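See below for the structure under consideration.
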Amino acid sequence: MPAHGHVMALDQGTTSTRAILYRTPELVPVAVAQREIAQHFPASGWVEHEPEDLWNSSVAVLREAIAGAGLSAADIAGIGIANQRETTLVWHRHTGRPIHRALVWQDRRTADACAALRRAGHAPRVAAATGLLIDPYFSATKIAWMLDHVPGARDAAERGELAFGTVDSFLLWRLTEGRVHATDATNAARTLLFDIHAGRWDAELCALFRVPPSLLPDVRDCAAMFGSTAVLGGRTPVLGIAGDQQAATLGQACFRPGMVKSTYGTGCFALLNTGETPVASRHRLLTTIAYQLKDRRTYALEGAIFVAGAAVQWLRDGLGLIGTAADSGELAARSDPDARLYLVPAFVGLGVPYWDAEARGAIYGLTRASGPADFARAALECVGYQTRDLLSAMRADLRGSEASGEDAVLRVDGGMVASDWTMQFLADILGAPVDRPVQQETTALGAAYLAGLQAGLCPEPEGFARSWQLQKRFLPQMAEADREAAYAGWRRAVRRTLTETA
Ligand SMILES: Nc1ncnc2c1ncn2[C@@H]1O[C@H](COP(=O)(O)OP(=O)(O)O)[C@@H](O)[C@H]1O
Ligand SMILES: O=P(O)(O)OC[C@H](O)CO
């Protein structure tokens with residue numbers, strides 16, 4: 001067993017930045033610090049973050065966590081970074097000054113540019129290399145938008161004066177005072193510019209998306225020496241980087257083909273490990289890199305749902321039906337069991353497997369008797385239905401393969417899994433067990449594991465997998481006929497909501 005030590009996870013997410021300090025080798029959390037991030041919505045469908053907020057909140061939580069534990073830089077073997085993925089920054093190499101606010105993954109401003117590329121027939125080539133669809137969700141068209149809209153930016157880029165990065169890369173640049181411009185393979189895989197099979201930037205795609213290759217960071221393993229930082233007072237190495245959903249996949253120890261985790265935060269992201277062979281989806285899932293260790297890539301099929309916990313926030317902030325998110329389950333439990341409302345939460349369009357950017361939310365089944373409890377239940381149930389959509393698409397893609405996941409148990413994490421009511425419905429509608437682990441901060445755990453692995457303070461994946469502990473298993477209790485009738489109703493509701501653009 002490796003020796004005791006400490007590693008720090010920095011989890012820079014969409015709504016907040018968190019640092020969690022862990023004791024190795026068991027990865028027991030010993031201190032945590034968190035800061036909210038301001039969201040900027042300058043126009044309909046636009047979502048931006050202030051780069052200095054990303055940076056300042058990161059430094060603040062790192063320092064707070066280390067102070068909270070009564071430790072100093074000398075006690076920290078390394079930092080692991082997990083980050084909101086796809087969110088795009090471009091900055092001046094000489095000054096480190098961003099040329100624009102970060103364009104967040106939810107930002108839809110490049111929808112028309114994407115539609116034009118799809119109409120021109122580029123989708124098959126792009127999917128073959130990157131595993132992705134041409135959608136504003138990913139970084140490439142966001143980079144081009146900045147170069148085209150910030151005065152002088154394209155010329156500066158052509159002269160090699162600018163750098164692009166996802167949030168990990170931007171933070172690493174700042175942490176290392178401009179000495180390191182790098183990212184990891186999981187973040188590179190979300191840009192539309194990275195060949196996930198060859199593990200390198202694709203020059204043809206750079207030309208297609210009009211992104212000069214000089215902007216791009218060096219791509220490394222998830223566990224690697226990324227540089228060192230002085231922000232904690234000494235020199236602390238950055239030893240791990242992964243996109244947050246991939247970090248959660250590691251934190252959930254989904255190392256074997258067929259294992260699947262689903263994270264329920266603002267949105268929901270399910271990743272199914274497909275082993276060292278990438279699987280091309282026939283059902284509009286994404287093919288992505290789950291992790292790259294020792295230069296070997298493990299792939300995943302991914303389903304991305306844009307609204308999960310956000311539907312609960314809507315109950316609270318939009319409708320005022322609940323005081324806190326935690327009240328939603330209790331309210332839902334008071335709903336009439338014989339009535340059923342369907343909420344299709346297409347507040348920002350629908351993701352996998354529908355990919356309908358123009359669809360908007362709808363509620364079906366209203367009667368004179370419908371009340372707050374039925375709305376709450378519909379908001380929680382739609383998370384279960386969407387998960388079944390995702391998992392059905394995954395199973396259809398993998399039928400008969402080693403990674404089929406037919407018997408797999410779903411490992412869940414994220415803020416929303418605190419809701420027993422929602423987790424029970426999830427098990428009911430899937431007709432399969434749902435496992436909630438003891439450590440529910442799996443994103444930070446995965447980032448910490450990468451740093452601990454690289455530092456030699458944590459065991460190899462098989463050993464780490466043995467430390468995963470079940471907190472509660474939810475078993476399906478709904479009768480088969482009820483389950484299928486309820487799901488058929490959801491499918492009808494979605495069909496009525498989709499636009500002709502999908
Ligand atoms: N007890 C609960 N029941 C239902 N939803 C919850 C509960 N607690 C938190 N949530 C939802 O979980 C989300 C926060 O989860 P978190 O993992 O912190 O999200 P993110 O990383 O996207 O910021 C919020 O959307 C909130 O509405
Ligand atoms: O920041 P989160 O946890 O909402 O995750 C965002 C995803 O990485 C977007 O792809």
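Every residue, even glycine, has its Cβ placed from backbone N, Cα and C.
According to TrEMBL, the ATP binding site annotation covers Thr14, Thr15, Ser16, Thr266, Gly309, Gln313, Gly415. Cβ neighbours of Gly415 (ATP binding site) (same chain, under 8 Å, six or more residues apart in sequence): Tyr264, Gly265, Gly309, Ala325.
Marked as sn-glycerol 3-phosphate binding site by TrEMBL: Thr14, Arg85, Glu86, Tyr137, Asp244. Glu86 (sn-glycerol 3-phosphate binding site) falls within neither a helix nor a strand when secondary structure is assigned with DSSP, and so counts as coil.
Thr14 (ATP binding site) has a Cβ environment of 20 other Cβ atoms inside 10 Å. According to DSSP, Thr14 (ATP binding site) is assigned to coil rather than to any helix or strand. The feature ADP binding site is assigned by TrEMBL to Thr14, Arg18, Thr266, Gly309, Gly415.
According to TrEMBL, the feature glycerol binding site maps to Arg85, Glu86, Tyr137, Asp244, Gln245. The 10 Å shell around the Cβ of Asp244 (sn-glycerol 3-phosphate binding site) contains 29 further Cβ atoms across the protein chains shown.
Under the heading domain 'Carbohydrate kinase FGGY N-terminal', TrEMBL lists 7-251.
Taken from TrEMBL, the feature domain 'Carbohydrate kinase FGGY C-terminal' applies to 262-454.
Reported as a whole number, the C-alpha separation between Ser16 (ATP binding site) and Arg85 (sn-glycerol 3-phosphate binding site) equals 14 Å.
Ranking the binding-site residues Thr14, Arg85, Glu86, Thr266 by the distance of their Cα atoms from the Cα of Gln245 (glycerol binding site) places Arg85 first. Closeness to ligand 1 is met by Thr14, Thr15, these being the binding-site residues among Thr14, Thr15, Arg18, Arg85, Tyr137 whose Cβ falls under 6 Å from the molecule. DSSP gives Tyr137 (sn-glycerol 3-phosphate binding site) a coil state; it is part of no helix or strand. A Cβ distance below 6 Å to any atom of ligand 2 is met, among the binding-site residues Thr15, Ser16, Arg18, Gln245, Gln313, by Gln245. Within 10 Å of Thr266 (ATP binding site), counting C-alpha to C-alpha distances, fall none of the binding-site residues Arg18, Arg85, Asp244.
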